[in-house]
Amino acid sequence: LSPPSGRNVYAYSTTTLWKAFPTDPQPCPEFQLYTGKLCPYSRVMDLMKDGKAYRSQKPRNDDRLSEGDSQSLNGTSAQHDQGIYSPNNEAQSTAFFLLVVLLSFSTRLYKIMEPPHVCWDETHFGKMGSYYINRTFFFDVHPPLGKMLIGLAGYMTGYDGTYPFLKPGDKYEHHNYWGMRGFCASLGSCLPPFAYLTVLELSQSPTAALITAAVLAFGEDLLLTNFVHSDAAMLSPMVFRPFSAPWWFWLVLTGVNLSGALGVKFVGLFVILLVGMNTAWDLWSLLGDLRLSLIDFGKHVLSRVFGLILLPLFLYVTIFAVHFVVLNKSGPGDGFFSSAFQSRLIGNNLHNASMPEYLAYGSIITVKNLRIAGGYLHSHWHLYPEGVGAKQQQVTAYLHKDYNNMWLVHRSNDPQSGEPDLVRHGDIIQLEHKETTRNLHSHLHEAPLTKKHFQVTGYGINGTGDPNDLWQVEVCGGRKGDLVKVLRSKVRFLHRATGCVLYSSGKTLPKWGWEQVEITCSPYLKETPNSQWNIEDHINAKLPNISLSVLKPHFLEILLESHIVMIRGNSGLKPKDNEMNSKPWHWPINYQGLRFSGVNETEYRVYLLGNPVIWWLNLVSLGLYVVMVAVASLALRRGVHNLFEYLILTLMCGGLLLLGWLLHYVPFYTMGRILYYHHYFPAMLFSSMLTGKVGLPQTHAPHNAPFILIAHYRLIQDFYMFHPLSYGMRGPLAHDPDSTMAGLKWMDSWEF
């Protein structure tokens, strides 16, 4: 290296010598060149952090760290020089990067049009893309950015949004679908290059980065790329002078990617947590640097608050603002949201609608539960099955608008009265189901799922029944005689005979209940959204109408409501009868894949399964990393300084990646919702990067060349063996000797 004149060597690096000031107040007295005696690790870190350690042979006339600068970045102190900035290694890393880009895009875009029919989740994501093109409102359990971009890609490539996406296996025929598939594949193609750059920056080793990229590029999981698109980019550490233009660029880009990750799926919270922990550790280190003034420290804090909190939050909210502006027409998602929310959707019966202001006898109404996604009070001709309470007509909550949501309001003593007298707080009424003419009824039989509650049924015929059909109207916060306002009054229905209150439990009934929401009568009378209702539709020709436009909510209200609905929708995704439910322990060992398309010999079959060699190599690398850290730490503690370089390389690079893997994997053990194999893929990205780092702790290219060649040959060979799973195949199944997958079904749980 070429230090400033008069400067001497004081500290040891991984493959070079750091330069430091000879007048440093705390030199390393025990350091002697060529003797193997090392400066203490903590002192090396101090020198590096103080900017007195130079890692480049280039002149220091750019924005990278220079004399006296305190390196501050997203949790990563100065990296160790391994020659990456030398002309030879820089050219090598550039060549490797271009090779990675070529391999990544070619493996993912190959046969992108096959099969020419709907595969697995294209049923949902393709349909949602169509909704955006048609501006039709829908509900999904995740934020909208991913679906919005898929719809935009389809629109820009000529797809008109008319294909129905009814079920897997339906032919696309003349519909243009390559744009949506190509867009998703292009996002997935960016993962290996981003992973290459991330590992290169963490380890300064082009060879380690190349192995990481190859592990990702040749994984058979390449066909699933519709939801991971920005996790890798946000991990690139910054090694620039604080507050310089490049420093701000990387800080802002990290914030943009954080909003993008969360804007696609809620699992983006895990990478936000990773970046947040890194940032907190970085600021804690800066706080302990007495050479940094409190004013400068405050600048560092405020810059991170702006770049990593305020900017991502603003962009995330902007995503939803665009989402609400685009989807302004009534659609299948209306029923999940409140009546006020629905009033803003064109085509909804509440949009610019007018109806009678106060509830009256003789009115036809729909009754909506105030619990988010609580549903409409609903009934149908089907009876409760044998052994589930009384075998009477089912009463449920249904999340969609339907004719079976209609109820007729009668007086308790005159069911046939047609007078438009208004209903008041404390009145006793009957609710007759409009379609089946049975009354809303309850009795002391236990509810189907909530055993401490009572069953609610439909009973009687043409409005005639028994005293168990009587309900008292209670306006929440009201007094006797208060009128019931349509949409605005919160109403409870108290059962006269048992004293219980009409209640939406939020639990999903089995198939005999058409997987609708359970309705019960709760003996617990505390006011909760589950027991509160509002009158939504109101039809009565004898009453004057008023406009409902004054009820439209403002943006923050619909933003909050949409998040509550998404969170509850996520928690409600429980495994159904006979539905495949993957377990978190299945994922690292590649226990079971996921059938994308086809079952028998005549169908075009696609099966999502990670390359087993790569998957198991990642698993070994995770264990090996922990062992490496333990051994190196014990050795250093015992004074075996020859492992000093090895320890730095392992700890500085691998710890961040291991933490990323843990944050993206362990939380799934606590989730009660249905899980799928692809939920492991963000964690797999981190374990693959760790594999590249663990595989090459020493990064001298000449010594590693045979190993690298053998490793890549093996990866390509394994990729070729299992490639029919991803690109599709026809013909005999794996157990047939003539099958393209003969002899490759290494685990009985693999279903190809």
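Glycine too: its Cβ is placed from the backbone N, Cα and C atoms.
According to TrEMBL, the feature compositional bias 'Basic and acidic residues' maps to 53-67.
What TrEMBL records for 68-85 is compositional bias 'Polar residues'.
The domain 'MIR' annotation in TrEMBL covers 356-412 (among others).
Taken from TrEMBL, the feature domain 'MIR' covers 420-476 (among others).
TrEMBL lists 481-538 (among others) with the feature domain 'MIR'. Residue counts for the domain 'MIR' (481-538) under DSSP, helix first, then strand, then coil, are 6 helix, 27 strand, 25 coil.
Taken from TrEMBL, the feature region 'Disordered' applies to 53-85.
Residues or ranges marked as transmembrane segment in TrEMBL: 247-280 (among others).
Taken from TrEMBL, the feature transmembrane segment covers 301-326 (among others). Long-range Cβ contacts of the transmembrane segment (301-326) within its own chain (Cβ-Cβ under 8 Å, at least 6 residues beyond either end) map to 74, 132, 135, 143-145, 148, 243, 248, 251-252, 254-256, 258-260, 262-263, 272, 275-276, 279, 283, 555, 558-559, 562.
The transmembrane segment feature in TrEMBL is assigned to 613-636 (among others).
TrEMBL lists 643-663 (among others) with the feature transmembrane segment.
With DSSP classes pooled into helix, strand and coil, the tally for the domain 'MIR' (420-476) is 3 helix, 29 strand, 25 coil. Per DSSP, the domain 'MIR' (356-412) is made up of 3 helix, 28 strand, 26 coil.
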